[in-house]
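Per TrEMBL, the features are as follows:
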- 5-216: domain 'Cytidylate kinase' (DOMAIN)
- 9, 10, 11, 12, 13, 14, 15, 16, 17: ATP binding site (BINDING)
Ligand code: C5P
């Protein structure tokens, strides 16, 4: 049997940084499910398909194949064989992913791939509905969050370090809107699983969060 750790939480809570570190230290694989939703969003953006046009999205999904592969331990997402890992990291794609991932047909498309990875490997999987929906039997579930201000200023710093011009207030608004969309959709909304451990990382360092999760896993 495989050991599965599910980490859910809102945008910018540090899930991917933490999940990468924990998986590396435990020799598990890291599965970033947001990247899968982002890849579908990228496809829809490229084809100029709106997330409100459900019938067209359904038809488009038939032409989409999402796969993942690991290069030096890093997850790469393949969209119809093309490595789109770099292109899915924009705010535009993130916002589109938040809209399109609310559609049941989009979620159904990725469900089996996510479950299969967890069946076959020890994983740290992060997302929005991993503990509640994808891996209800995960041995450890974490709900990782942080205040909106903390998340916005972390994101701001990240962008400034990359040399991207940005505005703190706009980032904050974006995060609030994404939280709202993710928490209020009908299908698989973001929420804490009953048996998940709640961790607020606002006043914790990355090391502290990683150590906490590792000690819970033991
Ligand atoms: O985590 P990330 O910001 O990459 O996710 C992008 C969007 O994909 C989220 O805002 C959310 O709407 C969606 N998502 C989801 N379920 C997941 C992972 C991501 O709905 N398991």
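One is the number of the first residue shown, and numbering goes on along the chain from there.
Cβ from N, Cα, C; glycine included.
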Completion exercise
A correct count of other C-beta atoms within 10 Å of the C-beta of residue 9 (ATP binding site) gives 27
Practice task
Measure from the Cβ of residue 15 (ATP binding site) and count the other Cβ atoms within 10 Å, all protein chains considered.
Solution key: 26
Practice task
Fewest other Cβ atoms within 10 Å: which of the binding-site residues 13, 17 wins that one? Let me know.
Solution key: 17
Completion exercise
CB < 6 Å to ligand 1, subset of binding-site residues 9, 11, 13, 17, seq order -> 11
Handout entry: Output field, ATP shell: CB within 8 Å of site CB centroid, site 9, 10, 11, 12, 13, 14, 15, 16, 17 dropped
Key = 18, 126, 144, 145, 146, 151
Completion exercise
Same-chain residues at least 6 positions away from residue 11 (ATP binding site) with a Cβ under 8 Å from its Cβ, in sequence order, are 94, 98, 151, 175, 178, 179, 182
